[in-house]
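Pulled from Swiss-Prot, these are the features on record:
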BINDING   8-37  FAD binding site
ACT_SITE  His475  active site, proton acceptor
Amino acid sequence: MSQATEFDYIIIGAGSAGNVLATRLTEDSDVSVLLLEAGGPDYRFDFRTQMPAALAYPLQGKRYNWAFETDPEPHMDNRRMECGRGKGLGGSSLINGMCYIRGNALDYDHWAKQPGLEEWDYLSCLPYFKKSETRDIGPNDYHGGDGPVSVTTPKAGNNPLYRTFIEAGKQAGYPETEDVNGYQQEGFGPMDRFVTPKGRRASTARGYLDTAKQRSNLTIETRAVTDVIEFEGKRAVGVRYEQKGQPKQARARREVLLCGGAIASPQILQRSGVGNPEWLKELGIPVVHELPGVGENLQDHLEMYIQYECKEPISLYPALKWYNQPKIGAEWLFKGTGVGASNQFESCGFIRSRDDEEWPNLQYHFLPIAISYNGKSAVQAHGFQAHVGSMRSESRGRIRLTSKDPHAAPSILFNYMAKEKDWEEFRDAIRLTREIIAQPAFDRYRGREISPGPDVQSDEELDNFVKQHAETAYHPCGSCRMGEGDMAVTDAQGRVHGLEGLRVVDASLFPVIPTGNLNAPTIMLAEKIADRIRGREPLPRASVDYYVANGAPAKQAS
């Protein structure tokens with residue numbers, strides 16, 4: 001084994017959280033940091049990861065995607081479902097859909113009601129959302145103007161179907177909101193995106209690491225696959241990893257910071273002897289510390305596509321044609337504008353399916369084309385679709401180690417749709433979506449319903465459609481829950497219970513999945529914990545208003 005090297009901090013995983021920590025910790029010039037990433041660099045010449053409109057490409061193949069699969073999901077016709085996770089500098093921010101959604105204020109207020117998580121209320125989190133962000137139209141009480149992450153807002157003159165979707169939501173009785181990340185998430189409005197002013201994907205590798213990698217106190221090792229965290233007694237003291245087939249070792253003087261994400265973080269903990277002792281003994285792994293919650297509490301968002309043909313030739317369908325792509329690519333490459341510079345998710349909605357929901361439980365992404373997320377099975381016609389999914393399923397799954405081999409995939413079971421409420425929400429989701437698309441705003445555009453199709457009406461027919469066609473939104477989280485109690489893995493600052501010198505900092509900490517996409521909340525969480533690691537005072541709590549429904553009906557009579 002090569003000579004061990006020593007650093008103050010070792011960060012495992014250069015994803016949305018790990019890159020934040022690497023950048024913030026190395027702002028202190030007397031601190032040395034090693035950042036380990038199992039994937040490769042984020043090649044800036046590769047349009048597949050850099051062009052927002054090409055977001056389907058990195059999900060195909062395994063250069064940038066671990067491309068995990070779930071175990072057969074018992075409530076989903078035993079389908080093995082996709083579980084894509086980013087591989088390379090930027091992690092999943094290198095391959096995600098680039099939607100900049102923070103979640104609902106009440107998500108965080110409800111986290112803060114759990115024992116030990118009092119510091120995670122919305123007004124304590126908002127300053128860290130702002131700290132991380134540069135919004136293209138400037139800062140305000142809810143948005144930042146000088147953070148590492150570029151956020152682009154939709155502009156006038158974009159595809160008319162985006163505005164049509166918002167108008168139809170209003171006609172169906174729902175509110176319009178100017179900013180789903182501002183005062184009021186609930187309603188229909190524009191969707192911001194992680195895209196730079198030059199039309200490039202704003203991954204955390206670009207936003208954070210581009211600054212930090214110039215610093216002499218940061219060492220970045222790519223293609224470095226972590227094997228185990230090493231302990232002396234109950235203290236984490238280093239990491240064993242493999243690089244180009246060679247075993248290597250590094251020691252941490254202060255802390256090991258595990259930022260592998262909701263799949264890899266519990267997997268690495270278990271391989272290192274931290275977790276459910278029964279599971280570890282089955283694999284012959286010596287138990288360093290019993291923590292039965294490692295890998296439990298796994299959550300995700302499921303979603304479906306409700307697709308229609310478009311009667312007017314204004315959808316993005318022509319952009320799929322090979323003969324149109326060179327022009328689109330050239331405009332993006334040289335000007336940073338045009339169809340290539342957008343992820344195409346430019347309007348969205350957050351609604352309550354029933355009056356007794358305290359805050360939105362359904363999310364819409366609207367797309368002016370009919371296609372699946374990974375770019376397959378495009379409808380050969382002008383079309384549009386609404387992606388819809390429930391936000392806070394009570395179903396819980398788990399991540400379980402299958403082998404001591406660091407290259408082996410874990411066993412992943414989300415246990416999707418395990419509760420009766422899941423089925424109620426998805427039936428509501430399909431019926432409410434049809435109601436929205438049936439509004440007068442869509443009359444000029446709405447053609448035949450492609451999917452689920454007009455024949456799918458009864459509860460049983462809708463349930464079968466969900467079983468066969470619902471897909472992951474790629475939002476796994478919760479598998480190393482922060483908090484107190486037997487099943488919590490860390491405290492509110494990511495410190496692993498019962499151990500020293502070890503934190504988990506990523507989406508696996510979320511006790512309950514937020515209402516929306518997970519990249520922005522993951523960056524916020526890492527910014528907040530970075531201050532704790534550095535011994536800095538938390539940023540002062542924000543003092544802004546935010547919308548709470550307080551029993552108002554979910555929709556007004558139209």
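Any Cβ shown, glycine's included, is placed from N, Cα and C.
On the structure: features taken from Swiss-Prot.
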residue : record                       : Cβ contacts under 8 Å, 6 or more apart
Asp8    : FAD binding site             : Leu25, Val31, Ser32, Val33, Ala252, Arg253, Arg254, Glu255
Ile12   : FAD binding site             : Gly18, Leu36, Thr226, Ile229, Val239, Val256, Leu257, Leu258, Cys259, Gly260, Ile268
Ser16   : FAD binding site             : Gly90, Gly91, Ser92, Ser93, Thr204, Asp506, Ala507, Asn519, Thr522, Ile523, Ala526
Val20   : FAD binding site             : Ser132, Thr204, Tyr208, Ile523, Ala526, Glu527, Ala530
Arg24   : FAD binding site             : Glu527, Ala530, Asp531, Arg534
Asp28   : FAD binding site             : Arg534
His475  : active site, proton acceptor : Gln299, Asp300, His301, Ile513, Asn517, Leu518
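Counting every protein chain shown, 25 other Cβ atoms lie within 10 Å of the Cβ of Leu36 (FAD binding site). The Cβ neighbour count for Ser32 (FAD binding site), using a 10 Å radius and every protein chain shown, is 22. Under the three-state DSSP scheme, Asp28 (FAD binding site) falls in the coil class. DSSP assigns His475 (active site, proton acceptor) to coil in the three-state reduction, placing it in neither a helix nor a strand.
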